[in-house]
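Each remark here refers to the structure printed beneath this line.
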Amino acid sequence: MARIAPSLPLKARSSPLAFQLRARNLPQRTFASTGIRRDQDEREPESLNSTRPARENPLSRAQKQFLDSALRVNHAGELAATLIYTAQTPPITKAYPHLRPLMKHMYDQEAGHFTRFNELLAKHRIRPTAMYPVWHAAATFLGWSTGALGREAAMACTEAVETEIGEHYNNQVRELLSWFKDMEERGEEPGEELRALVTDIRRIRDEELEHLDHAVENDAKEANPYELLTGVIRAGCRGAIWVSERV
């Protein structure tokens, strides 16, 4: 049977270096809140049908730094996910042809996540992590090695990665919703771009957790040694997130 791996036509419009040069030379765009009064009972802000003009209220320096680091690490993580699936797919689908549609489905979703964060980095002139080449190599090796160990190890890898990533995205959503609450208390409303970002992160988080469910359904917990394998991968993910947020 021919060995087919998902293609990876996901090169950024600009290389990481080009992003970095652009970030140095161009004024940075920012997400902003708008000063529109709204009802205080809602869990999170909703658009108002108001003719009252909105005033721009840029985010604080700390909030802008949070968004920069969040988008940077999200971009790196989604690149890594596409590379893991690309490396895992040939050995897994050769041994288990019935998993080809599932592997393609998960890859396609990760590719969409990567494309979205790539667009956001370019739009807001945020540099990608300087560790980009290192994560590229590490993700490829992780995918190849777990794929070579078999279906259970590959699925355990997905379970471990998605457990950490799901928690990571949950933390981002909580932080952004706390901003919404603060804006609400000041009588302001979040800007549309900030709303859209929360919607994007929630959708991506839900798709990542769907991958976790698929992994468990396909015997992730039968990997040997399960605890060691998932523990090492989860620790590696936490380390990569910490570094990518800062470098």
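Just so you know, glycine gets a Cβ as well, placed from its N, Cα and C.
Going by TrEMBL, these are the annotated features:
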- Glu78, Glu110, His113, Glu208: Fe cation 1 binding site (BINDING)
- Glu110, Glu162, Glu208, His211: Fe cation 2 binding site (BINDING)
- 30-60: region 'Disordered' (REGION)
Other CB atoms, at most 10 A from the CB of His211 (Fe cation 2 binding site): 23
Proximal residue to His211 (Fe cation 2 binding site) among binding-site residues Glu78, Glu110, His113 (C-alpha distance): Glu110
Residues satisfying Cβ distance under 8 Å from Glu78 (Fe cation 1 binding site), sequence separation of at least 6: Glu110, His113, Phe114, Phe117, Ile204
Euclidean distance between Cα atoms of Glu162 (Fe cation 2 binding site) and Glu208 (Fe cation 1 binding site), Å: 6
Count of other CB atoms lying within 10 Å of the CB belonging to Glu110 (Fe cation 1 binding site): 26
